[in-house]
Every structure is written in C-alpha cells, then in structure tokens.
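Asker: Pasting the feature list from Swiss-Prot:
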REGION    130-181  region 'Disordered'
COMPBIAS  130-151  compositional bias 'Low complexity'
COMPBIAS  160-180  compositional bias 'Polar residues'
REPEAT    272-295  repeat 'LRR 1'
REPEAT    296-318  repeat 'LRR 2'
REPEAT    320-341  repeat 'LRR 3'
REPEAT    342-364  repeat 'LRR 4'
REPEAT    366-387  repeat 'LRR 5'
REPEAT    389-410  repeat 'LRR 6'
REPEAT    411-433  repeat 'LRR 7'
REPEAT    434-456  repeat 'LRR 8'
REPEAT    458-481  repeat 'LRR 9'
REPEAT    482-503  repeat 'LRR 10'
REPEAT    505-527  repeat 'LRR 11'
MOTIF     528-535  motif 'GVYW'
Amino acid sequence: MGAVGVEAGVFDTVDGLVGEVMRLHRSLPARPAVEEVEAAEALAAAADREERARADAVARLRRSPAVPDELLCVAQEMHRALAGFQCREQKRDAARLLELEALHTLFDDLIQRASQCLPSTSTRAAPRIAAPAAATTTTSTAAAGSSSSSAVGNAERHASSGTNGFTASRVAGTSTSTGRVSMDDSYVRKAKAAMWDGGAAATNSHLPRGPVEANSVAVRADGNYGDDNEKLSLIKLASMIEVSAKKGARDLNLQGKLMAQIEWLPDSIGKLTGLVTLDISENRLLALPDAIGKLFSLAKLDIHANRISQLPESIGDLRSLIYLNMRGNQLSSLPSSIGRLLNLEELDVGSNGLSSLPDSIGSLTRLKKLIVETNDLDELPYTIGHCVSLVELQAGYNHLKALPEAVGKLEPLEILSVRYNNLRSLPTTMASLTKLKEVDVSFNELESIPENFCFATSLIKLNVGNNFADLQYLPRSIGNLEMLEELDMSNNQIRVLPDSFGNLKHLRVLRAEENPLQVPPRDIALKGAQAVVQYMSDASKRTTKSEPMKPKKTWVHFCFFSRPNKRKHDRIDNAT
C-alpha cells in the first residue's frame with residue numbers, strides 16, 4: 001500500500017521519482033511576484049512596529065489615585081491583547097505569502113539536490129535548450145525569513161556546481177539572474193527525455209512559462225488599481241505601491257478602495273518619490289506614516305473622510321504641495337511644520353476638532369483658499385494677516401468671538417464666511433477689503449455693522465441674517481454698495497431701512513422676513529427687492545423736498561443776534 005496521495009510503484013524507479021518531483025512542484029500555488037514578497041516583508045515589519053508602539057503607549061498610561069491598580073492592569077492587558085490580535089490580522093496575508101515564498105525556495109533547493117542524484121553521463125548527451133524570450137525574466141529575490149534565505153543560498157550553490165539534466169535545463173530554460181525559479185517544471189521533462197530516450201533530447205510541448213504573475217498587482221496607467229469596485233487588502237496595497245514605485249507612477253487614486261481593516265499606510269509609500277497626485281480619501285485610516293514626507297514631488301494630497309487624529313511633522317517636507325484636503329477627519333491640532341508648505345494654495349481642514357491654528361500658518365504666503373469651518377476654534381491667529389494671497393476664507397461653524405484686526409491686511413480677499421459663530425462685531429479694518437464680493441456673517445450675535453464696512457463697494461452678496469435680537473439697524477451708508485445683488489437681513493430686529501437703501505439699483509434678492517419693519521411697510525417688502533429699492537428712493541426724494549428752506553441771515557441778524565449772551569437773546573426775543 002503506497003503513501004497517501006502517491007501512486008503505487010512511484011518509488012520503485014528513477015523514472016517514477018522524477019515524475020513525482022514534477023507533480024509536487026506543479027502542485028504549488030503560483031509563486032509570488034518579487035514586488036509582493038518585498039511588500040510582505042515591509043508589512044510584517046511595520047505591523048510589528050505598530051504593535052510595539054501601541055504597547056508602549058499603553059504602558060505609559062498612569063492611573064489617578066481613585067483608580068485601583070488591578071483595574072488599570074486589566075485595562076492595559078486588554079489593550080495589549082487587542083493590539084496583538086490586530087497586528088496578527090494585519091500580518092496574516094503577508095505571513096501566508098512569505099510562507100509560500102519560503103516553500104518555493106525550499107523546493108528550489110530540493111530540486112537541486114535531486115539533480116545531483118541523477119547519472120551525470122546523461123547530461124553530456126543532452127543539448128542546451130534555449131528558453132523562449134517571453135519566458136525569461138530578470139528578477140531580484142528578497143529573502144523570506146531566515147529559512148528561505150538559506151534555501152536561496154543553497155539553491156544558488158547547487159546551480160553553480162550542477163552539470164546534470166535538471167541543472168542544465170533549469171539554467172537554460174527557466175532560471176533567473178539570481179537563481180529564482182518559476183513553478184514551471186519543463187526542465188524535469190527535458191532531463192528525463194535526455195536520460196531515457198537514448199541520449200536524444202525529445203521535443204516538449206510544455207514550454208517554460210517563466211515566473212508566474214497570476215497574483216501580481218496590475219496598476220493602470222492612470223494610477224487606478226484594478227476594478228473600481230475592488231477593495232484592497234493590506235498586502236495588495238503594499239504590492240501595488242511596490243509596482244507603482246518601479247513604474248515611476250505620477251498619480252495614485254485609492255479613494256474608497258481600501259478594506260475597512262486597513263488603518264495605516266505601509267512605510268513603503270515613501271518610495272513613490274515621483275508621485276504628483278495622491279488620493280487616499282474616504283477610507284478608515286487612523287494615521288499617516290512619517291515616510292509620507294518623502295514624496296517630494298507631490299502637488300496634490302487628498303485624505304478627506306478618514307479617521308486621522310494626528311499628522312506627522314514630516315508633512316512639512318512636502319515642499320511641492322499645492323492642494324491639501326484633510327476635511328472630515330479627527331484632527332485636534334495641526335503641526336507647526338505645516339508652515340513649511342510654502343507653495344500651498346488651497347488648504348481644507350474643515351469638519352475636524354481643531355481648537356486652534358498654529359501661528360506658522362502665516363508663513364503660507366501663497367495660500368489662496370483656507371477652509372477651517374466646523375471645528376472648535378475660539379479665534380484665528382493674528383498671523384493670518386500674513387497670508388497676503390488669500391482670496392477665500394471659510395471659518396463658519398466655530399466659536400469665534402471676534403475676528404483679528406489683521407484680517408484687514410488680506411487685500412485680495414473676495415469671499416468671507418464666518419456664519420454660525422459668536423461674533424458681536426466686525427473689525428473696522430475690513431474697510432480695506434475693497435475686493436470683497438461675498439460676506440456671510442449670519443447666525444452670530446452682531447449688534448451693528450461698522451459704517452466703513454460699506455467702503456467694500458465691490459460686494460455682491462451680503463448675509464447678515466439671523467442675528468436675532470442683536471442687530472437693529474443697517475449702516476446708513478449701505479447705499480455705497482451699489483454692486484450689491486443679494487441681501488439677507490432676515491430674522492433680526494430691523495425696523496427702518498436707511499435712506500441710502502434706494503441706491504442699491506442692482507439688488508435682485510432681498511430676504512427681510514421676520515423683522516418688525518415699519519419703513520418700508522410690510523406689503524412693500526413682500527413685493528421684492530426692486531420694489532423696496534424704489535420705495536426707499538422715492539421716500540428719500542420726498543424727504544429732501546419737504547425739508548423747509550432756512551432763511552438767510554442778514555447783517556442785522558449778525559449785529560443783534562450773534563452775541564453769546566443767552567439772556568440778552570431771550571430779552572430781544574420777548575420784545576419782538
């Protein structure tokens with residue numbers, strides 16, 4: 001009775017054993033590509049570092065006097081156990097791939113040993129068989145653990161010394177420049193034919209296939225990976241990074257393409273030094289690696305809609321960066337190194353948990369668009385006045401109590417939104433913002449709008465609505481805003497519009513509901529913007545005409561009534 005899975009009589013002849021070697025080698029899964037092996041090794045090392053970092057962080061936790069020691073120990077032990085489990089989960093695919101590579105390397109070594117057992121005389125009669133060009137591939141094998149490293153060394157030593165049929169066919173047909181073999185077994189058949197067909201090499205229809213790349217990661221020219229709906233595992237992500245690095249990829253789009261279990265990027269991301277655009281948005285990443293700072297060519301980085309709570313200081317090394325979108329993460333602060341992004345033109349950190357902005361943000365002198373809305377900001381740094389190229393500032397949905405006077409230095413500013421804050425006033429320096437086109441200060445606590453605000457004569461849209469009981473009147477000089485097209489003053493306590501309102505000839509949208517308006521009457525306000533403008537214009541003209549002419553004073557008046565003694569004036573008035 002033969003061994004399980006082995007035909008009877010296989011071990012009785014050399015022919016049978018050679019066939020068994022062929023079968024066993026053929027039964028292996030496809031050998032991983034070199035890039036996949038390198039990626040797996042990097043992933044395993046990174047996962048170990050991550051586990052150690054989490055364990056160290058847990059060990060540094062200190063209890064308060066009210067917490068029992070044992071309770072803290074239990075919590076720490078649970079944290080360590082979970083970190084270990086997550087590490088093993090992240091390494092699972094990488095470990096399997098490395099085991100497969102080690103098995104292939106071991107089989108290489110065993111085949112070399114088997115080749116030494118065959119009669120050396122047979123190979124002298126066997127001609128060298130050239131491999132098809134398409135099957136020969138130059139690779140550089142990475143070691144897969146200590147066992148695989150020794151196996152590779154043994155295989156290479158045997159390859160250099162062997163002269164039999166196994167070796168001759170392998171060297172001529174399917175070996176690579178470093179001794180790595182594919183799962184092709186045609187060399188076994190060729191050796192067999194040379195030994196048992198009277199010394200003549202038989203023709204073999206099974207051509208060498210070269211290194212099998214069935215599991216290799218394909219990266220399209222546009223930087224997208226495979227099927228748009230396919231989610232990448234950590235090992236596939238790492239493999240794709242390796243391939244992209246070797247191809248010199250310029251664009252990489254991973255938007256929403258990472259499996260939910262992936263919480264960090266492998267350090268190998270730093271190899272993509274030629275990358276210009278990187279989109280890793282809409283995933284579940286918790287952090288960016290320090291290696292992100294090595295992407296010196298990166299001009300656009302989009303990481304919005306992840307769970308990143310902290311940025312590495314190396315983010316400041318992205319000196320070519322023009323666009324940075326970090327919206328919708330869990331950032332509580334920004335590193336001061338962000339001030340080194342001197343070419344940055346657009347920065348979006350909206351919908352995070354920022355309580356302050358670093359003063360270094362003032363170094364971003366080329367910044368044109370800054371979005372910090374929906375955070376926990378109490379103030380904007382005074383250095384924002386140094387962002388002299390700023391065109392758009394979105395700072396709504398925060399806790400701002402005032403705007404810095406330095407805002408007045410932002411002369412190119414066209415769009416300003418500070419809605420849903422706690423502003424009670426606007427800085428008078430805003431009079432310098434002569435290029436303003438849109439201003440939204442709704443849902444604040446404004447008590448008034450400064451008169452010199454109306455020097456911003458290029459204004460097209462103004463929203464001062466929903467300041468409720470605080471805002472009771474508009475500036476008298478609002479008529480200077482002759483380019484104004486939209487005005488929202490709803491939900492305030494405004495009773496009378498200023499006379500100059502009639503100068504707003506371009507006004508086409510007016511929202512004035514929920515105000516105790518008396519001038520103009522409510523029925524006029526309901527007719528729309530131009531009806532109100534016309535009414536106020538007519539009212540202003542009527543007021544001007546109805547003012548009585550003051551009599552001109554003659555020299556008699558100056559003589560008799562210009563003395564400063566009030567009693568004398570009273571006596572003269574009574575006498576007349």
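Heads up, the Cβ atoms here are built off N, Cα and C, so glycines get one too.
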Asker: By DSSP, what is the split of the repeat 'LRR 10' (482-503) into helix, strand and coil residues?
Answerer: 5 helix, 4 strand, 13 coil
Asker: Any residues 6+ beyond the ends of the repeat 'LRR 10' (482-503) with a Cβ under 8 Å from its own?
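Answerer: Hits for the repeat 'LRR 10' (482-503): 442, 457-476, 509-520, 529, 532-540, 543.
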Asker: What average pLDDT does the predicted model assign to the repeat 'LRR 9' (458-481)?
Answerer: 93
